[in-house]
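Colleague: Here you go, one structure.
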Amino acid sequence: MNRNPYSRYYVPGPSPWPFFVAISANGMAVGLILWLHRTPSFLLMGMSLVCMLLSTFSWWRDLIREGDIGFHTRFVIKSFRDCVALFILSEVMFFFTFFWTFFHNALSPSCELGMRWPPPGIRTPNPSSTSLFETGLLISSGLFVTQAHKSMRLKDYDVGPFIGLVVTIVCGTVFFLVQLREYYWNSYTIADSVYGSVFYLLTGFHGMHVVVGTIWLMVSLVRLWRGEFSSQRHFGFEACIWYWHFVDVVWVALWCLVYVWFGGW
């Protein structure tokens, strides 16, 4: 890696991690398509997932080392802020497409669906049971991670941030496990009409984002334990909080629209 002493930014050296992450994401996408067409693809998806995790870990490790060396100036951190904001905006557009699909079919059901929504034969989940508990988990986790951030800004590096992060990680993990339990007990699958397809795509991709956010929180917890954050320099943790709040907002919208409003209850 080279750095020009007269430049506000550094120029990273060649890195293989973006290439491996792209290949892994492509492999997981192909595996998902094959699985939806009832073609065995667990080996491809498993290998792609392992490669994705290892590549992401290595990429984050190099990025953290660059910051520890001193390459992350305030101009670089500002560019990171802009990039994370644009990344979250792209994620908003990603979920917007699925919500659009849901509204297109819910507001104007086709003849194939019996002009009804939910379609006949679909027993939708009760919004006041499991999903309400999941909503409480994510809202509580958002409050705890915000309190952890507030404690860090007040130069409390001992109790406040640790408790907030640990509780948030536990809430995210429990949310994912409860979501899997709900999938197990649902009376319909992803192949049962457009409702099943959109429901599992929305909740499934949101669950994947919960997993990513939980891993990011774990990385932030380890970095906090190693003393890599300060009250002024902790953008990695701050970006994680942005992402987690985005996950919270998406779930609240999903619960209100999919479970409550158009859930048939």
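Easy rule for this one: first residue shown is 1, then count along the chain.
From the backbone N, Cα and C atoms, a Cβ is placed for every residue, glycine too.
Residues or ranges marked as transmembrane segment by Swiss-Prot: 16-36, 40-60, 83-103, 159-179, 198-218, 241-261.
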Colleague: Pairs 6 or more apart in sequence, C-beta under 8 angstroms, 3 or more of them: is that satisfied by the transmembrane segment (198-218) and the transmembrane segment (16-36)?
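Modeller: Contact between the transmembrane segment (16-36) and the transmembrane segment (198-218): absent, because fewer than 3 Cβ pairs are under 8 Å.
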Colleague: Can we call the transmembrane segment (241-261) and the transmembrane segment (83-103) in contact, meaning three or more C-beta pairs below 8 angstroms at a sequence separation of 6+?
Modeller: yes
